[in-house]
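**Q** Before I ask anything, here is the structure I am working with.
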Amino acid sequence: MTILNHTLGFPRVGLRRELKKAQESYWAGNSTREELLAVGRELRARHWDQQKQAGIDLLPVGDFAWYDHVLTTSLLLGNVPARHQNNDGSVDIDTLFRIGRGRAPTGEPAAAAEMTKWFNTNYHYMVPEFVKGQQFKLTWTQLLEEVDEALALGHKVKPVLLGPVTYLWLGKVKGEQFDRLSLLNDILPVYQQVLAELAKRGIEWVQIDEPALVLELPQAWLDAYKPAYDALQGQVKLLLTTYFEGVTPNLDTITALPVQGLHVDLVHGKDDVAELHKRLPSEWLLSAGLINGRNVWRADLTEKYAQIKDIVGKRDLWVASSCSLLHSPIDLSVETRLDAEVKSWFAFALQKCHELALLRDALNSGDTAALAAWSAPIQARRHSTRVHNPAVEKRLAAITAQDSQRANVYEVRAEAQRARFKLPAWPTTTIGSFPQTTEIRTLRLDFKKGNLDANNYRTGIAEHIKQAIVEQERLGLDVLVHGEAERNDMVEYFGEHLDGFVFTQNGWVQSYGSRCVKPPIVIGDVSRPAPITVEWAKYAQSLTDKPVKGMLTGPVTILCWSFPREDVSRETIAKQIALALRDEVADLEAAGIGIIQIDEPALREGLPLRRSDWDAYLQWGVEAFRINAAVAKDDTQIHTHMCYCEFNDIMDSIAALDADVITIETSRSDMELLESFEEFDYPNEIGPGVYDIHSPNVPSVEWIEALLKKAAKRIPAERLWVNPDCGLKTRGWPETRAALANMVQAAQNLRRG
């Protein structure tokens, strides 16, 4: 019983973001389709070779995507929304880009498909759309072509396919409502055809991803698995693959399926290996997801060995990454600026492949010396002063309930704030950022590269802040912002100014399409060595008599959009960040800033996958926000901002944040999101976004007025604010000016009644 290893997938973008550059060049019309396809081929060949060199036995094929793997699956099944179809019914790479982006070098532009988070990760997928009576057929053969490519290169491969039940679960019905699960029998023949094609190519194992099996699924969906897999059995061996959580609650459903193996995430799930071994059919292969595919930390391989060794020789066993390595940066070896101590704590995708090779060899031979050597830096990290700050740990331990309570209730605070700010009805504001022009980006880059000294940099930033204040005063906005010219990214900026974070040069991970992010890494206890935002906020306030908002990113969002530590709980990290930012609130207040916004766009997306785990998360998430804000005096107005999300099921928690004003993204839902606030009888003030900042379109005065009147039917007008959906960082100044002028005019019209 030789143990093999494999990965569930590998990052697609390339070490230098080659895929991103090729996509964007093609979209801009600067390169041909052939040139784009050649970059994809080169990246796939390189990534297979790198995994093989690092010691991986079975290489994943089908994990590469031109935009997103769920979208690739939609095309495979011939699921192309009518608005994106070619006239002759054919499907090509431009069809795929039109669905993802709303436009491509050929074909008519049309609204892009909806995009949403892939389970609880920071990757986004394109939501499949289903209509009644839909037909499916094998259309886009990218998977088969890539299998042929890998076989021609002499690789031992394991194709990767998103399973039929999870695919339907991830989609949405458009038009006339019906149960999308009823389409299962219509898509299964396409899956049968694909598996038959793979069998023809001599493929032994197919990784069929069914991550929906870790969720608390409705019974009808659980019941659908057996007939679905009865239809798919027999052509190749199927490795039923789950990740991001454990499978124990759904194990009865799983063990009844006619598959030949099961992959389990032993990092994020609480499954017990001995229990799994006992309950799985004895002839099944167990793929143990022991290496974390979605973090950057070196694994304690001695611990991983101990976790699995008792079942070695008792059943067929593979060792694997917990999930696809898509969520991890590619290669640690190119990081030249991290100091040796910190660097020794990390492992990126290629290093994780090496870990799988070490683990496989030790399990096959029983010799664990190499594992102990690899794990030595982890033991050292446990005692490092870079990790532990006794002052932070002491302060966290001393938190009391009082620390998360404002001095008085909202009604008392609102009166003090009205007396202080004397704002008109329908007060107007923006969410925080203004257009990040080429000049601003060049200024920051020159400073970062050392081509510009600190004095000249500060003079340049001050000038941009001044321009933003002048623009807002000219437009007639009531509450101003400084525009965030000094910030590259709302999380990175704070991470750079807090102790306990480090940054990489090339730690890019794909967010969606061509967008990549470089998340900060939390390596130790978090504290604030000096004020972060106070100086620029104070400068902006000195330029105007109108209130200027202080702008902070909230603790839960900073946590969710970073790579967290693994040696303490997420709750601990969030509360440490909250304490650091609490001091920032106090300093802003002392500097005369009377309105402070704490953005928490990630509060909802941080929810655990299982609803039964929600309460505990929301409890500490809300507490972290309140610790951050509660130091503010009654007449300091605390705002928060949240992006597009379903609020209904977390309204209690949103109200519990006790922000004086919440601004939300509502324009794309035509104010429907306000239903939750109305039904809940939300007591504080609210600014429903009146136009979509993701589009260059300028909304008319009438359109904005109509939306606000609609909002006033649900929320009393005296509690409504007027603002765009989101920050204006990605927009140009011409459409920003035009849209804000119309927004201010609409508010003035409503004041006149």
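Note: Cβ is positioned from N, Cα and C throughout, glycine not excepted.
Sharing the record's features from Swiss-Prot:
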type: ACT_SITE; residues: His694; note: active site, proton donor
type: BINDING; residues: Arg17, Glu18, Leu19, Lys20, Lys117, Arg515, Cys516, Trp561, Glu605; note: 5-methyltetrahydropteroyltri-L-glutamate binding site
type: BINDING; residues: Ile431, Gly432, Ser433, Glu484, Asp599; note: L-homocysteine binding site
type: BINDING; residues: Ile431, Gly432, Ser433, Glu484, Asp599; note: L-methionine binding site
type: BINDING; residues: His641, Cys643, Glu665, Cys726; note: Zn(2+) binding site
**Q** What subset of the binding-site residues Glu605, Cys643, Glu665 lies within 10 angstroms of Gly432 (L-homocysteine binding site), using C-alpha positions?
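**A** Near Gly432 (L-homocysteine binding site) by Cα: none of them.
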**Q** Determine which residues of this chain, when Ile431, Gly432, Ser433, Glu484, Asp599 are set aside, have a Cβ within 8 Å of the centroid of the L-homocysteine site's Cβ atoms, and list them as they appear in the sequence.
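**A** Checked against the 8 Å cutoff, the neighbours are Thr430, Val481, Met490, Met551, Gln597, His641, Gly727, Lys729.
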**Q** Per 10 Å Cβ neighbour count, which of the binding-site residues Leu19, Cys643, Cys726 ranks highest?
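**A** Within the set of binding-site residues, the most crowded position is Cys726.
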**Q** Neighbour count first, Cβ atoms within 10 Å, every protein chain included; then name which of Ile431, Cys516 tops the list of binding-site residues.
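**A** Answer returned by the neighbour count: Ile431.
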**Q** With Arg17 (5-methyltetrahydropteroyltri-L-glutamate binding site) as the reference Cα, tell me which of the binding-site residues His641, Glu665, Cys726 is the closest one.
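**A** Smallest Cα separation from Arg17 (5-methyltetrahydropteroyltri-L-glutamate binding site) among His641, Glu665, Cys726: Cys726.
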**Q** Rounded to whole angstrom, what's the largest C-alpha distance between any two of Ile431, Gly432, Ser433, Glu484, Asp599, listed as binding L-homocysteine?
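**A** So the binding residues stretch over 14 Å, Cα to Cα.
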**Q** At the level of the C-alpha atoms, what whole-angstrom distance separates Leu19 (5-methyltetrahydropteroyltri-L-glutamate binding site) and His694 (active site, proton donor)?
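**A** Spelling it out, the Cα of Leu19 (5-methyltetrahydropteroyltri-L-glutamate binding site) and the Cα of His694 (active site, proton donor) are 23 Å apart.
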**Q** Taking the residues Arg17, Glu18, Leu19, Lys20, Lys117, Arg515, Cys516, Trp561, Glu605, which the record names as binding 5-methyltetrahydropteroyltri-L-glutamate, find the longest CA to CA distance and state it in Å to the nearest whole number.
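**A** This binding site's residues have a maximal Cα-Cα distance of 29 Å.
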**Q** Compare the Cα of Lys117 (5-methyltetrahydropteroyltri-L-glutamate binding site) against each of the recorded positions His641, Cys643, His694 and report the nearest.
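**A** Closest by Cα distance to Lys117 (5-methyltetrahydropteroyltri-L-glutamate binding site) among the recorded positions His641, Cys643, His694: Cys643.
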**Q** Please state whether DSSP places Cys643 (Zn(2+) binding site) in a helix, a strand or coil.
**A** coil
**Q** Given the recorded positions His641, Cys643, His694, Cys726, find the one whose Cα is closest in space to the Cα of Glu605 (5-methyltetrahydropteroyltri-L-glutamate binding site).
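**A** With Cα distances computed to Glu605 (5-methyltetrahydropteroyltri-L-glutamate binding site), the winner among His641, Cys643, His694, Cys726 is Cys643.
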**Q** Select the closest residue to Asp599 (L-homocysteine binding site) from the following recorded positions, measuring between CA atoms: His641, Cys643, Glu665, His694, Cys726.
**A** His641
**Q** Between Glu484, Asp599, Glu605, Glu665, which of the binding-site residues has its C-beta surrounded by the fewest other C-beta atoms within 10 Å?
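**A** Counting other Cβ atoms within 10 Å of each of the binding-site residues Glu484, Asp599, Glu605, Glu665 gives the minimum at Glu605.
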**Q** Long-range neighbours only, meaning 6 or more apart in sequence with Cβ under 8 Å: which ones does His694 (active site, proton donor) have?
**A** Asp725, Cys726, Thr730
**Q** Check the binding-site residues Arg17, Lys117, His641 for other C-beta atoms within 10 angstroms of each C-beta and report the one with the most.
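**A** Answer by Cβ density within 10 Å: His641.
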**Q** Within 10 Å of the Cβ of Ser433 (L-homocysteine binding site), how many other Cβ atoms can be counted across all chains shown?
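**A** A count of 22.
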